[in-house]
Amino acid sequence: MEQALSIVVLAAGKGTRMRSRYPKLLHPVGGRPMLDHVLRTAFSLEPEAVHVVHGHGAEAVQAAHADWPVRWVVQEPQLGTGHAVEQAIPAIPDDHQVLVLYGDVPLVRPETLQALLAEADGGLGLLSVDFPDPTGYGRVLRDGHGAVTGVVEHKDATAAQRRVTECNTGLLAAPAGRLKAWLQRLDNDNAQAEYYLTDVIAMAVADGVRVAAYPVADPAEVQGVNDRVQLAAAERVWQRRQAEDWMRAGVTILDPDRFDLRGHFAAGEDCRIDVGVVLEGRVELGAGVEIGPHCVLRDVALGDGTRVEAHSVLDGATAGRNCRIGPFARLRPGTDLADGAKVGNFVETKAARIGPGSKVNHLSYMGDAELGRDVNVGAGTITCNYDGHSKHRTEIGDGAFIGSGTQLVAPVRVGRGATIGAGSTVTRDAPDEALTVARSAQRSIHGWRRPGQRPDRGEGSDA
């Protein structure tokens, strides 16, 4: 019978090296808090329970993860990793296997942890890694036959022990009953005056319990995050992983080192993503979608064959099939482009529906607007949707043509097939199939001089 699993996540550290007012574990990797990554991995192993030991910033950490069905355990004071596990262990049945994870080690894969649990096999298992520069890490000690005899922390290691490059990651699996007994025997007679969880390894050896060290293949999986330099390194590892996964799924990413996914992503085959693209929130791309360089997409859904040109920002927008967006376009929340619609360079939209085949090509603002089918909006056209108190809508019928430099003062309706003369300020509804021109008559004032060219005061007087 497979042994039941309980997971303990250590998340009580202060994170002083982050130099931040926020708890370390709330700093994001891939758009999600570090601890969120660890919890997702933990629950993927289908444990009986997950216990999170927290301390510094406890209320903020718990509030940010309120949707997770975890047991929160406060460690106060914080006296080391062994002391932290001791706070959670009483609630775990003796016949469970315990897996200890760390909230600031966000990149470990579920497959690695499954291998560690299998390697432990009723004994004690620890995850080890070979670091070319092991400074700061606890060293795994072995006897002449290669059997694990213990772990010594860097500060407590001798010169000979510091030359060992096999390091302890801190991730550990052990039988709950035995772990409880070992934790009761811990002392803090060490350089940091803390209760080290790693001391249970020597206890296991002394008690004749098999100790297995499972070496992780990719050191990046177990890289801890203690400062912002390490946070940035973890971010790039995470992003590279996501990029490679999507490339294997049929998405072309021109440079996986310049790709940022910070939320949920779904894409059809043959999508193409250029350099410097940032995807946030929930982004869904149909087949054959192309995203140009240095675009930001946040909570966006794009239909098959749609193309977004360089330096465009899309937020809370949707587009149908074969749309063209940008370059330098900004689509704000509530924007919906029907099939074949086009929003061109330096165009901003907000709460606007652009109908099938309609075009807003240049230097325009469409806010709180409804455009029908095959509408053409000339350069420099804006909807004046806000009167200082309320927002008002503009409706433009199928096939309408709006001349350049037009102001549509909402609420207003432009009829089907209507034409608006360039430079008009439209304040009343424009009828179907009619030309509407709303601008003052042109006049020329002869002899007019600019202010700097006007004669001095008193020039030509008899005084």
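Using the three backbone atoms N, Cα and C, a Cβ is placed for every residue, glycine included.
Here is what Swiss-Prot records for this protein:
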ACT_SITE  His362  active site, proton acceptor
BINDING   10-13, Lys24, Gln75, 80-81, 102-104, Gly138, Glu153, Asn168, Asn226, Arg332, Lys350, Tyr365, Asn376  UDP-N-acetyl-alpha-D-glucosamine binding site
BINDING   Asp104, Asn226  Mg(2+) binding site
COMPBIAS  453-463  compositional bias 'Basic and acidic residues'
REGION    1-228  region 'Pyrophosphorylase'
REGION    229-249  region 'Linker'
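Just so you know, the Cβ of Asp104 (Mg(2+) binding site) picks up 23 other Cβ atoms within 10 Å once every protein chain is counted. Sequence-distant neighbours of the region 'Linker' (229-249) (same chain, 6+ residues past either end, Cβ-Cβ under 8 Å): 18, 27, 29-30, 34, 106-107, 220, 223, 256-257, 259-261, 265, 267.
Annotation for Gly103 (UDP-N-acetyl-alpha-D-glucosamine binding site): same-chain Cβ neighbours under 8 Å, separated by at least 6 residues, are Val9, Leu10, Ala11, Gly13, Leu25, Met34, Leu35, Val38, Val52. Break the region 'Linker' (229-249) down by DSSP state and the numbers are 20 helix, 0 strand, 1 coil. Around His362 (active site, proton acceptor), taking its Cβ as the centre, 15 other Cβ atoms fall within 10 Å, counting all chains. Comparing the binding-site residues Asn226, Asn376 by how many other C-beta atoms lie within 10 angstroms of each C-beta, the top residue is Asn376. Cα separation, Asn226 (Mg(2+) binding site) to Gly80 (UDP-N-acetyl-alpha-D-glucosamine binding site), rounded: 16 Å. Mean pLDDT of the predicted structure over the region 'Pyrophosphorylase' (1-228): 92. For the binding-site residues Gly13, Gly80, counting C-beta atoms within 10 A of each C-beta gives the highest total at Gly13. Long-range neighbours of Arg332 (UDP-N-acetyl-alpha-D-glucosamine binding site) (same chain, six or more residues apart, CB within less than 8 Å of its CB): Asp315, Gly316, Ala317, Glu348, Thr349, Lys350, Ala351. Counting only the Cα atoms, the space from Asp104 (Mg(2+) binding site) to Gly80 (UDP-N-acetyl-alpha-D-glucosamine binding site) is about 15 angstrom. Looking at Leu10, Glu153, the binding-site residues in this record, the fewest other C-beta atoms within 10 angstroms of the C-beta turn up around Glu153.
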